[in-house]
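Asker: Okay, handing you the structure first.
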Amino acid sequence: MWRLKIAEGGNDPYLYSTNNFVGRQTWEFDSEYGTPEAIKEVEEARQIFYKNRFQVKPCGDLLWRFQFLREKNFKQTIPQVKVGDGEEVTYEAASTTLKRSVNLLTALQADDGHWPAEIAGPQFFLPPLVFCLYITGHLNVVFNVHHREEILRSIYYHQNEDGGWGLHIEGHSTMFCTALNYICLRMLGVGPDEGDDNACPRARKWILDHGSVTHIPSWGKTWLSILGLFDWSGSNPMPPEFWILPTFMPMYPAKMWCYCRMVYMPMSYLYGKRFVGPITPLIKQLREELFSEPFEEIKWKKVRHLCAPEDLYYPHPLIQDLMWDSLYLFTEPLLTRWPFNNLIRQKALQVTMDHIHYEDENSRYITIGCVEKVLCMLACWVEDPNGVCYKKHLARVPDYIWIAEDGLKMQSFGSQQWDCGFAVQALLASNMSLDEIGPALKKGHFFIKESQVKDNPSGDFKSMHRHISKGSWTFSDQDHGWQVSDCTAEGLKCCLILSTMPPEIVGEKMDPERLYDSVNVLLSLQSENGGLSAWEPAGAQAWLELLNPTEFFADIVIEHEYVECTGASIQALVLFKKMYPGHRKKEIENFIAKAAKYLEDTQYPNGSWYGNWGVCFTYGTWFALGGLAAAGKTYANCAAMRKGVEFLLKSQKEDGGWGESYVSCPKKDFVPLEGPSNLTQTAWALMGLIYARQMERDPTPLHQAAKLLINSQLENGDFPQQEITGVFMKNCMLHYPMYRTIYPLWAIAEYRTHVPLRLS
């Protein structure tokens with residue numbers, strides 16, 4: 001039976017940590033673990049998911065929850081409450097629902113203080129890991145028979161009815177993910193005419209019906225070239241010389257968004273090497289299965305710009321195709337011939353590899369995310385198949401593996417700090433006695449303090465295109481090392497609030513100098529327009545987005561400002577200013593004023609704000625209203641607050657909640673959800689209205705939303721898993737299963753505190 005292990009590093013000599021692996025999550029299969037009842041519970045969860053897989057596509061992330069609740073002998077002892085038709089929500093009903101949620105949330109906390117959770121959803125994360133291990137010969141070493149069973153389960157369970165796979169689990173089928181998952185099935189031993197529900201024949205038919213893999217997007221062309229299923233001449237150039245450009249060039253790496261930089265860094269190394277994996281009998285078979293014409297007869301030069309319409313979200317502008325053509329026709333032939341291949345190309349490859357090693361070391365071989373992880377790992381193997389760097393990469397593969405009732409997934413990377421910050425704030429908002437929530441707050445406080453990044457990247461980090469990180473929080477854990485502004489804001493808020501509480505109950509408060517370091521990071525990430533970027537200062541020329549080489553993402557070339565990062569940072573710095581009024585007072589006041597102005601300036605005409613990391617306008621509006629309220633803006637003195645409230649009230653559904661389709665994100669236009677409300681989005685909207693003091697004008701919409709949340713609570717105190725609610729880069733969704741547990745609790749807590757309720 002599968003078992004989640006927390007904060008363990010084992011005795012692997014290739015594994016090291018900055019904080020004794022606090023926050024690390026790894027799964028192992030233990031044949032001795034689990035009673036017959038526990039095994040039956042897991043199998044029933046799998047069957048229920050499979051039966052309903054086309055109705056609710058995100059999993060409930062139940063395996064670790066079953067494990068934790070079983071190990072803690074959790075029993076929900078408080079009876080469920082329902083508010084009947086025509087009845088008012090009473091203080092007692094809200095309190096009972098809240099306490100039941102808190103009981104469950106505290107039981108789900110790990111011993112190191114964080115709340116484990118899946119963070120997956122995209123269907124192009126896992127296949128490249130399988131490809132890499134297949135090439136290096138470690139597929140059977142890393143993935144045993146139990147892993148393989150779960151990988152196949154995940155692929156089968158998320159195959160669309162038309163035979164393809166979407167960019168993410170709720171998306172329409174795409175060439176990119178259908179081809180990648182088909183190849184993955186074949187590498188795991190599934191025959192071309194095999195697979196559950198004829199998975200392989202159906203997928204192959206979809207691929208061939210849509211033009212064959214010659215129409216795969218550029219990232220797919222790269223992976224197929226690496227595998228020997230494409231010729232490198234069928235891909236647009238990715239010259240490693242990019243890494244030795246002079247600083248005045250518009251495309252200088254330091255001006256790029258960090259994820260764009262980190263993906264194309266190992267890609268350019270592999271491209272520059274023209275690396276191709278071993279041409280095995282399986283690769284030769286796949287050459288016959290995936291194309292509509294003989295492999296040897298394909299005119300590779302003509303397929304470079306092909307992309308299936310199902311994959312095309314960002315069509316390349318003409319100027320970009322002209323740039324690729326120039327590089328392809330003139331630059332590459334020059335750089336790959338003597339003497340330039342020795343004078344320039346070899347130097348560029350070495351500089352690129354130096355950057356890869358630097359990033360690997362500074363993230364403890366986790367890297368910035370899963371797409372980059374696999375590419376960097378493969379680059380290290382290509383450089384030295386028996387080298388220490390590749391072995392260190394292998395040791396961190398388990399950090400990315402997640403298992404739920406719908407099988408094995410590759411995480412984007414962990415969301416430990418992100419989820420923990422919100423869970424702690426939800427518990428604090430509950431206003432329950434410290435006897436009840438004190439132990440959970442103490443553990444959460446410990447995790448947050450342990451997870452703060454204590455140092456900047458090593459050495460001359462600016463020459464390696466890195467920004468300060470000392471004092472920040474990452475999205476996952478301290479070992480990851482990458483600062484994020486909103487994660488830093490949420491961590492700072494938690495530490496500030498907990499510092500006002502008895503240390504014997506919630507733990508010792510954080511040293512003020514470490515709080516000052518956090519403030520320094522936030523101040524450094526504000527742009528001239530007042531907005532906050534996420535990872536590094538924004539400021540590169542906007543026209544560089546015309547060179548976005550991906551077809552299925554938008555706004556990936558340069559760093560941008562984000563509503564959520566801005567709103568969260570205002571809240572954190574307003575709180576900090578109250579508690580430390582003498583520290584950088586003028587800078588912080590200017591920061592808050594500029595940030596509030598940015599929120600006012602970026603409001604949509606309908607009163608909403610676009611959410612970059614959650615679905616979508618509901619999410620962005622929650623953060624914006626929270627930031628504006630913290631900055632002193634009110635419904636009476638701020639038109640943006642009034643318009644934001646109007647947007648939320650107009651979009652409230654008949655059942656009292658809110659529901660927004662993920663399609664809002666790529667369309668950049670509010671698209672209501674068909675059917676019932678989404679409870680996570682309802683919680684966001686409810687809290688947004690409370691920030692704007694809606695209860696002082698007309699509390700009815702708040703009562704309606706709270707009633708829906710209360711009546712939707714499950715027997716164990718949780719809330720049902722519904723539609724996917726996370727997003728990145730406009731077009732790809734992320735599944736955050738802890739959201740359904742945290743946000744309804746938090747919203748009910750704020751509702752009970754701020755909205756006058758009748759006593760029964």
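Glycine is no exception: its Cβ is also placed from the backbone N, Cα and C atoms.
The repeat 'PFTB 1' annotation in Swiss-Prot covers 98-140 and is backed by sequence analysis. Look at Swiss-Prot and you will find 148-189 tagged as repeat 'PFTB 2'. Summarising the annotation, Swiss-Prot assigns repeat 'PFTB 3' to 441-485 and lists sequence analysis as the type of evidence. Annotated active site, proton donor per Swiss-Prot: D486, in sequence order, evidence recorded as similarity to another entry. Annotation comment: Swiss-Prot describes 515-556 as repeat 'PFTB 4', evidence class sequence analysis. Residues or ranges marked as repeat 'PFTB 5' in Swiss-Prot: 592-632. Under the heading repeat 'PFTB 6', Swiss-Prot lists 641-683, citing sequence analysis as support. What Swiss-Prot records for 702-743 is repeat 'PFTB 7'.
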Asker: Can you tell me which of 148-189, 441-485, 515-556, 641-683 gets the most C-beta pairs within less than 8 Å of the repeat 'PFTB 1' (98-140)?
Answerer: 148-189
Asker: State the non-local partners of the repeat 'PFTB 4' (515-556) in its own chain: residues 6+ outside its ends, Cβ under 8 Å from one of its Cβ atoms.
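Answerer: 167, 174, 176, 217-219, 236, 250-251, 255-260, 264, 307, 311-317, 319-320, 323, 452, 466-473, 482-486, 488-489, 491-492, 495-496, 562-563, 565-566, 569, 572-573, 576, 580, 583-584, 587-588, 591, 594-598, 601-602, 666, 729-732.
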Asker: Short question: which residues 6 or more past the ends of the repeat 'PFTB 7' (702-743) have a Cβ under 8 Å from it?
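Answerer: Long-range Cβ neighbours of the repeat 'PFTB 7' (702-743): 56-61, 69, 74, 76, 78, 80-83, 88-89, 93-94, 97, 100-101, 103-105, 108, 115, 117-122, 167-171, 313, 412, 415, 419, 422-423, 426, 552-556, 611-616, 619, 652, 655-659, 661-662, 665-666, 668, 673, 676-686, 689-690, 694-695, 751, 755.
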Asker: Below 8 angstroms Cβ to Cβ, which residues of this chain, lying six or more residues outside the repeat 'PFTB 2' (148-189), approach it?
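Answerer: Long-range Cβ neighbours of the repeat 'PFTB 2' (148-189): 2, 46, 49-50, 53-54, 57-58, 121-124, 126-128, 130-131, 134, 139, 195-197, 199-200, 202-207, 210-211, 213, 215-217, 219-220, 223-224, 227, 229, 282, 285-286, 289-290, 307-308, 310-311, 403, 406-409, 552, 662, 723-724, 731-735.
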Asker: Using Cβ atoms and a strict cutoff of less than 8 Å, what residues sit near the repeat 'PFTB 6' (641-683) while being 6 or more residues removed from its termini?
Answerer: 170, 313, 554, 603, 606-611, 615-619, 621, 624-625, 628-629, 633-635, 689, 692, 694, 701, 704-705, 707-709, 712, 719-720, 722-725, 727, 730-731, 733, 739-740, 743-744, 746-747
Asker: Where does D486 (active site, proton donor) sit in DSSP terms: helix, strand, or coil?
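Answerer: Once the DSSP labels are grouped into three classes, D486 (active site, proton donor) ends up as helix.
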Asker: Using all protein chains in view, find how many other C-beta atoms are within 10 Å of the C-beta of D486 (active site, proton donor).
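Answerer: By my count, 26.
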Asker: Using DSSP, break the repeat 'PFTB 1' (98-140) down into helix, strand and coil residues and give each count.
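Answerer: Summed by class, the stretch gives 23 helix, 2 strand, 18 coil.
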Asker: Can you tell me how the residues of the repeat 'PFTB 2' (148-189) break down into helix, strand and coil by DSSP?
Answerer: 23 helix, 5 strand, 14 coil
